[in-house]
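Presented below is the structure to which this report refers.
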Amino acid sequence: MQQELTLLDRINYPAELRNIPLEKLPQICKEVRNYIIDTLSGIGGHFASNLGVVELTVALHYVFDTPKDRLVWDVGHQTYPHKILTGRKDKLNTVRKFNGLSGFPKREESPYDLYNTGHAGTSISQALGEAAARDLVKENYNVVAIIGDASIATGMALEAMNHAGHLKKDMIVILNDNYMSISKNVGSISNYLNNIITSHFYNHWKRVFYTFLKWLPIIGPATERFFKKVEKGFKDVLTPGGLFEDLGFGYIGPEDGHDVIRLVKMLEKVKKMKGPILLHIITQKGKGYDPAERDPIKYHGVTPFRKEDGAMDSGDTSKIAYSKIVGKMLAILTETNPKIAAITPAMIEGSGLKEYAEKYPEHLFDVGIAEQHSVAFAGAMTNGNIIPYMCIYSTFLTRAMDQLVQDVSLMNLPVRFVIDRAGCVGPDGETHQGLFDLGYLLGLPNMDVFVPSNGQDLIDALRWMEKYDKSPVAIRFPKSSVDLKTLDFYKETELQPGTFRVFKRGTDVALISIGSMIDEAKKASERLENEGLSVTLIDLVWLRPLGAEALNEELVNVRCFVILDESYIDSGVTGYLLNRMTRENLSKYIKTFGFPPEPIHHGERKEVFQKYRLDGESIAEQVAAVLKKNLIKP
């Protein structure tokens, strides 16, 4: 007997959703939520945030004529319900997989995705740009930005709101508040007030009243100002929207973000209002799945889990992530040095600092999504004789370029930059790849750069940085794990700046490996030796200071050399190294293995490496082919 179709089975695009009666929307929300739970329990992905926006997403596509009306999602990891309703339901099981759906909005995937996102705080700027463009060409469509309560506190979001309040363009910002941080008045009074504020009757007669006051001689303008202050004061007492009104936004809320029918009715009213409007809704991360409701941080991003109780595989306990090494080592150092501080821009969990924060809360500074502030803040701490470890993802450090230059490197302030997720990050994709950092770090005055090729290197560098105060220093490492048994957290090893390792010496070709490329370099060297070639393998962990003289000496007796760099070829280490080669050695350079200057899409690191021929086997094949072409034979 054929299974009866669900409501969701009949919906592939928003136009079909809009044909569903309003009273059926709660059932659709239930089915969308169950679809996400069923799918992600098998494959993993961003979880709690997506469960929290199901009703909002259904309401948005029900009320607005998408894609003509523009939805701009901030960050974007909460767009799985959006993807389900915009023609990608049957592909959700490929999300974050190689050649599958992106975990974020992506223009190439769908006309419903306006921008490729991944970083926080951009949506209001983009929505305002859309609204300004619309009005310039005299078109007619709605523009809606959806932003979370953490993202709206970013400097960029506040700058955009300030500009939007000045321009007075018709646009809607939906504040998705799931932490209750600015939401104390959810209930009948705020609901009653919102019904008044959004009514056509109220807004029409308010405009008439204020227009009348402007025409009154002498007392008119003063009376208008008085009544506006009374109106604002009344709303400030009953709602938390004073800040947004001060920025020039009409404020509605807080509203229950899980009452889809009320959301639809409220959005229908809000879209008829003039000027910039902020609709504040309250949601719960993990809504509808008990384990995620109880621990939304744990279930923010999940691996495959048992649907019945949310149990996830603990993974390989013999390995430890580079991020966890950082947190563990900083805790060890802080035990004996009260001047150490760890700084992170809203990435305590991701940067491996959870246990550190619990053990040394007064030494941990989570500055929020404020990368620019975090770098200047760290620089100033050094002026107070504090030893700051600035823990940040490579992709987010690019947001603080001006502060890196002016507030740290030009003044030679000894900030310790601990740069996580450098190189290829895998499933997070193009907006999170850490492929730019070496290019700009090596261009900064005074900045020392260390690229560990293993976990012990990272431990040794973190310990060495504690006492190093001559300049700022950056260490960068991949999103990867290492064998725990290979590590000694208490070993006292003195790093020697400007040194490198030589694993083997040969005469045909030298492989110069930069940091995390060492594993592929070792595989390539073994393959080349199996083909009868004599290989030099150099593990170049110090980029600045660079042991240029010693490196040139190593290359004297080889016929040619290649560089292996997990960065963009045009903005990595190649130019930096070649500028320091002798003329004789410079002529021996044949190739850099790195990423071409194009967006590097998501997939497991191994798959991405194979696509771009950066795995050991592919490197060996290409090197052997070049040597054969140039008559360098075994």
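Using the three backbone atoms N, Cα and C, a Cβ is placed for every residue, glycine included.
Taking all protein chains in view, 22 other C-beta atoms sit within 10 angstroms of the C-beta of His77 (thiamine diphosphate binding site). Taken from Swiss-Prot, the feature thiamine diphosphate binding site covers His77, Gly118, His119, Ala120, Ala150, Ser151, Asn178, Tyr289, Glu371, and the record attributes it to sequence analysis.
Following the DSSP three-state reduction, the secondary structure of Asn178 (thiamine diphosphate binding site) is coil. The Cβ of Asn178 (thiamine diphosphate binding site) has 23 other Cβ atoms within 10 Å, all protein chains considered. The Mg(2+) binding site annotation in Swiss-Prot covers Asp149, Asn178 and rests on sequence analysis.
For Ala150 (thiamine diphosphate binding site), the same-chain residues 6+ apart in sequence whose C-beta sits under 8 angstroms from its C-beta are Ala120, Tyr179, Ala346, Gly368, Ile369.
In this view, the densest Cβ surroundings among the binding-site residues Asp149, Glu371 belong to Glu371, judged by other Cβ atoms lying within 10 Å.
Same-chain residues at least 6 positions away in sequence with a Cβ under 8 Å from that of His119 (thiamine diphosphate binding site) are, in sequence order, Val75, Thr395, Phe396, Arg399, Thr431. Taken residue by residue with DSSP, His119 (thiamine diphosphate binding site) is part of neither helix nor strand, so it is coil. Between the alpha carbons (Cα) of His77 (thiamine diphosphate binding site) and Asp149 (Mg(2+) binding site) lies a span of roughly 14 Å. Cα spacing between Glu371 (thiamine diphosphate binding site) and Asp149 (Mg(2+) binding site): 17 Å, rounded to the nearest whole number. The maximal spread of the thiamine diphosphate binding site, taken as the longest Cα to Cα distance among His77, Gly118, His119, Ala120, Ala150, Ser151, Asn178, Tyr289, Glu371, is 33 Å.
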